[in-house]
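The structure appears right after this line, and notes come after that.
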């Protein structure tokens, strides 16, 4: 099942030499990590691919001169590492917490502001939309201005958004605060992963990525419980006030202790270097597409002009974004070379499927608890703990495993297999409080979900050049955010269709009025009605919910099984234990751009030489405007 990375062809070998010659020894030395399979010869026992980013020919230093490689990473004490990781975990915890903390507070908030049904939806979705739309830009910002300043900016934006939400006087002010929160929250999650990549070697990252994954999963599940407690015991405003002291603490620790090399990029020069066409098209396209999914079947019919236009023009705008990245962008936000290797595409596919399936458990399992088992919103969050604790623990354990062994493929295979088995067991969820099935099924699913929060990211980072780490990580996060948003909509449509097809059963048991309230598009919000129904009507209603959810779980199992196939395409490489600093800044961006231009010219020469050596029948090399190629 191991997908070994292919041996380079003769043309590729010549191409690597030509690239190194064209770029010059100074270019090759700039990003070389000692012991890193991306920059040197493959580590012993690895099967490294040969590409324009990895075939580097180092010129030996002249006698009496030192090699001009990048500076070595500074030694950090355990206490300093603990402080840095603690601050990053706090930031990620708060950002993840705010995705779900309002779910149990929304009814109280809408009643306080006398809001409409549309506002009810926007309180939660405004955060998710902003987080997803802004994710691709954070990586490139950190490449230009450095990780630390941009992380502090994201932290400050999240703080301001939380404050506005906490003191909001009306629903519009609250939604605006949630948009600002989401913009900063998306940046916190992505930049935490990018900082870990800059701080630690490939081998060590697994442990710290595992910590981030565990924290993210735990916060997502604690959100509904904390939101319910704050709403009932204090005030819904504390769902946002709680962020302020902890976010400020994380800001101070990052400011003082995060020792990542920071370039002195002038603000105006940095702003001029931003791919603004890319920012506008990817942000606008993402928002339009997700708005179409958000509105469809809720505020407008799926066949309405509003929904169709949002979906179509959203996709068209995203296509324009990739055309811009290919042909026009001087410093691309999402360079197409990230998608030129099979292994990278496989890693991103596993990421998409994992995000798609995971969110269904966190989103729809509480619906099962409330509608079928009669749990309150807070209690449904408590019932979800077996799933959350098992995925958090497995994420941390897998991180330690990767650090100890240097292998990321076994956790990926293990995770996708157990995720498929666990969600397959959800099909057998009973129409009663049979805890002997409900809790073990959650644990198995959680054990399968946990390993792949970060393992595919490690695989992706291993097979891209050091200069592309930030953009690759941002792309990974964007794919996951997009998958989650799409999943909730598709899962909801399948569930609602299941309820509507069984409406005749509800009508015969409950009458037309109750049947229309429970069996229509508002089935998710009708759990309170189901809890108050007398028998035997309640048993009929819970049976319909169970069957409709079962249809939805079958769909998610099929999607999860696709991850098993996708995982087979991920390449195998030994993780390096040595780490050196990768520089950021506008000068580095310009140097990278010139290197890519030189590589493009070298590839043309390599193609000509290869054809001459093979009698004019050399291998086909398909290039694009930025020097990316597929062989």
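Positions of Cβ are set from backbone N, Cα and C atoms, glycine also.
All TrEMBL annotations are machine predictions without curation.
Fair warning: this is a prediction, and the values are worked out from it, not measured in the lab.
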>> Can you identify, from 174-196, 496-518, 519-541, the stretch that TrEMBL calls transmembrane segment?
In response: 174-196
> When TrEMBL marks a stretch as transmembrane segment, which of 59-80, 345-366, 587-608 is it?
Replying inline: 345-366
> When TrEMBL marks a stretch as transmembrane segment, which of 24-46, 208-230 is it?
Replying inline: 208-230
> Is the number of Cβ-Cβ pairs under 8 Å between the transmembrane segment (378-401) and the transmembrane segment (208-230) three or more, considering only pairs separated by 6 or more positions?
Replying inline: yes
>> Taking contact to mean 3 or more CB pairs closer than 8 A (sequence separation of 6 or more), are the transmembrane segment (120-138) and the transmembrane segment (174-196) in contact?
In response: yes
> Taking residues 6+ outside the transmembrane segment (439-460), which of them lie with a CB under 8 Å of any CB in it?
Replying inline: 193, 202, 205-206, 209-210, 212-214, 216-217, 343-344, 347-348, 350-351, 354, 357-358, 361, 365, 384, 386-395, 397-399, 402, 408-409, 411-412, 414-423, 425-426, 428-429, 472-473, 476, 563, 570-571, 575
>> Which residues of the chain, 6 or more past the ends of the transmembrane segment (174-196), have a CB below 8 A from one of its CBs?
In response: 84, 88-89, 91-92, 94-96, 98-99, 109, 113, 119, 122-123, 126-132, 134-135, 138-139, 142, 147-148, 150-151, 153-166, 168, 205, 208-209, 212, 216, 240, 258, 260, 454, 457, 469-470, 473-474, 476-477, 481
>> Please report, as numbers and ranges, the same-chain residues at least 6 past the borders of the transmembrane segment (472-495) whose CB is under 8 Å from any CB of it.
In response: 128-129, 131-132, 135-140, 186, 189-190, 193-194, 197, 286, 290, 293-294, 296-297, 333-334, 338, 344, 347-348, 351-360, 363-364, 367, 456-457, 460-461, 464, 523-524, 548-549, 551-552, 555-556
> So, by DSSP, how many helix, strand and coil residues make up the compositional bias 'Basic and acidic residues' (577-608)?
Replying inline: 23 helix, 1 strand, 8 coil
